[in-house]
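*Asks:* To start, I am sharing the structure in question, which I have written as structure tokens.
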Amino acid sequence: MVNLIWVFLAVSGICYAAFNGTMDKVNEAIFLTIEESVMITLSLAGVLVFWLGLMKIAEEAGLLSGLAKLFKPIVKRIFPDIPENDPALGYILSNMTANMFGLGNAATPMGLKAMKEMKRLSGSDKASRSMITFLAINTSSLTLIPTTVIAIRMKYGSVDPTSIVAATIFATTISTIAALIIDRYFYYLRKKAGRAL
Amino acid sequence: MSIWLIPAVILIVLVTATIKRVPAYEVFVEGSKEGIQIAVSLLPFLLGMMVSIAIFQASGAMDAVLSLVKPLTSLFAVPEQILPLALIRPISGTAALSVTTELIRTFGPDSIIGQLASVMQGSTDTTLYIITVYFGAVGIRRMGDALKVGLLADLVGIIASIIIVIILFG
């Protein structure tokens, strides 16, 4: 599916530009974006190197398994195919905690590491059940304090920049619960069709 | 509060490690090496997806699609200005942030549209980016139902934020 989306975006963009005389803008955008993506990867590399280093210490010191043990009852239900006390659970939890506090920078390395651990468990290049669940939780956004939005609201002179926090938490909770339900439904369909991993 | 959070995490990890006699610095270097590998393996996925989205956006095709869908909103009594944000949010994080900023600047942060844009921006995430980055970095080629689940959850999040904002601020 992502193959189709990818090709569609580029092909329809180029065709549209051909008919509307915006090819110069397309050219410019291609080269700017190539640079931008390298810059993003580089700055992400710094964040990854730092947080994965720190998290390795946390893992060896037993902090990640402690975190996993603390939330075991909940997480076991959400990720039933990950064995108890597996390091994957620790990384999943650190990712979720970092997301909740709006530490997007620290959340991504933990999420990537969680994915790596889940791939170790499944040993396949196909997305496993827990990977899909993990992505569903992440895409529905767990952010409790939307710092970027609050900053923009302050910049444009809001009387109460944080007025949206309660509504955001409410909406996030609903979309996360919905994501879990939708994920379960698709798993049920896969299982019925005998394609469950 | 967030100023204290990251230093506090670092402090807790390092102090615990020292108490448990973990060779902190060596383990740090060992763990961080993996970061470089992940970043390098990420670049092709990120670059490819970003260029495709940029072509679509710069050509004007994205605006054309948005103007096509605009009349739909009047059917549901939802402010039509919010629709571009709802459509772009799952595809491109930077584009969504600029749309949100533009809406807040034009209509004011405390208007219903400003509040709606704020909540929508905060309660959903860029599904396409997350899937690209997370699956790309570990080499998952067959993504199963991930995209479908992510996009459907976005839809629920968008509808939920509209209803909640109208109830709370409308």
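Cβ from N, Cα, C; glycine included.
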*Asks:* Choose the correct range: of A:37-54, A:55-72, which one does TrEMBL annotate as transmembrane segment? Give that range.
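*Replies:* Here TrEMBL associates transmembrane segment with the stretch A:37-54.
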*Asks:* Report, as numbers and ranges, which residues of the same chain sit near the transmembrane segment (A:91-112): CB under 8 Å and 6 or more residues beyond its ends.
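*Replies:* Contacts of the transmembrane segment (A:91-112) (Cβ under 8 Å, skipping residues fewer than 6 from its ends): 44, 47-48, 50-52, 55, 58, 64, 67-68, 71, 75, 79, 82, 134, 137-138, 141-147.
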*Asks:* Roughly where does the domain 'Nucleoside transporter/FeoB GTPase Gate' (A:42-151) sit in mean pLDDT, to the nearest integer?
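*Replies:* Mean pLDDT for the domain 'Nucleoside transporter/FeoB GTPase Gate' (A:42-151): 88.
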